[in-house]
Amino acid sequence: MTATPAPSPTLFPLGDGTGSVSLVQHVGDDKSVVNAARISFGGDSDAPLNDRDEKLIRYLLRHQHGSPFEHNLITFKIVCPIFVDRQLVRHRVGVSKNEVSARYVEVQERNFTPPRFRKQAPSNRQASVEDDGTLDQARAAQVWQEAWRGAFGAYQDLLGLGVTREQARGVLPLSLYTESYYTFNVRSLLHFLGLRDHEGAQYETRLFARAMAELAEPLFPVTFREWRLLHAAH
Ligand SMILES: Cc1cc2nc3c(=O)[nH]c(=O)nc-3n(C[C@H](O)[C@H](O)[C@H](O)COP(=O)(O)OP(=O)(O)OC[C@H]3O[C@@H](n4cnc5c(N)ncnc54)[C@H](O)[C@@H]3O)c2cc1C
């Protein structure tokens, strides 16, 4: 009898029940990394991963032999605000993407509202800092909601007037949710995580990066363990 596959796990990094990362599919494991490296001397095998294999993974990572980490793939379905997606899409190498088309389908009423607003960092012009109690959280939330309702209402009005979807979407804000399939290989995923699960990255994007890591790590546990050890040392 064929076993029913377990449902793909879905994580909700923003805690609002809408923003999500799901594992759609994956190919490869730690052993396939080792086999890709050992094919150079005809030493690939079906044997389970052993200590020598783990040492080889460590060696490959430490010496930046990246190509053995490319013979695999991990596909995520990512539902995120457009401002997060604009950062994800900058990762060009070893990453494939397909996204819902707002020309093709009417945009759903899905808007991210920060549960808590942050302040502009005083020194780093790209960064934010936690509210020290001087920010009017309630008023900020009200302004945000009014802006969203106005924009989404305008979108619906334009559609009602007969304006095409591809033009009407122009009034929608960056907090609108979009959804995509993203496929990484482990090399491109680790590069992505190094940049986006980092204190310099935007907080919301970092939450998505962490969710992606949480789903990918059990698929390549030795690779992730050695990569984390290497990162911790730097
Ligand atoms: C904290 C942070 C702040 C950022 N701020 C900004 C910003 O203000 N404005 C902005 O525009 N972007 C910004 N970015 C995006 C950033 O510049 C990169 O585009 C993004 O992080 C993708 O990184 P990458 O190019 O290494 O990745 P990939 O595109 O996946 O490339 C992977 C690697 O391939 C090589 N590579 C890729 N393309 C080329 C090429 N054309 N020529 C030579 N080598 C190549 C490089 O070694 C590169 O590291 C920011 C990113 C971060 C993490």
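Any Cβ shown, glycine's included, is placed from N, Cα and C.
Heads up, TrEMBL stuff is auto-annotated, nobody curated it.
Same-site candidate for FAD binding, as annotated by TrEMBL with ARG90, HIS91, ARG92, GLU99, ASN185, VAL186, ARG187, HIS191, chosen from SER67, SER175: SER67. Among ARG52, ARG58, ARG139, ARG196, only ARG196 appears in TrEMBL as part of the dUMP site alongside GLN87, LEU88, VAL89, ARG90, GLU99, VAL100, SER101, ALA102, ARG103, ARG169. In this structure the alpha carbons, written CA, of SER101 (dUMP binding site) and HIS191 (FAD binding site) are 28 Å apart. Annotated pair ARG103 (dUMP binding site) and SER67 (FAD binding site), C-alpha to C-alpha distance, rounded: 38 Å. Checked against ligand 1, the binding-site residues GLN87, HIS91, GLU99, SER101, VAL186 give HIS91 in sequence order as having a Cβ less than 6 Å away from one of its atoms. Note: the Cα of ARG196 (dUMP binding site) and the Cα of VAL186 (FAD binding site) are spaced 15 Å from each other. HIS191 (FAD binding site) counts 18 other C-beta atoms within 10 Å of its own C-beta, drawing on all protein chains shown. In this view, SER67 (FAD binding site) is surrounded by 11 other Cβ atoms within 10 Å of its Cβ, with every protein chain counted.
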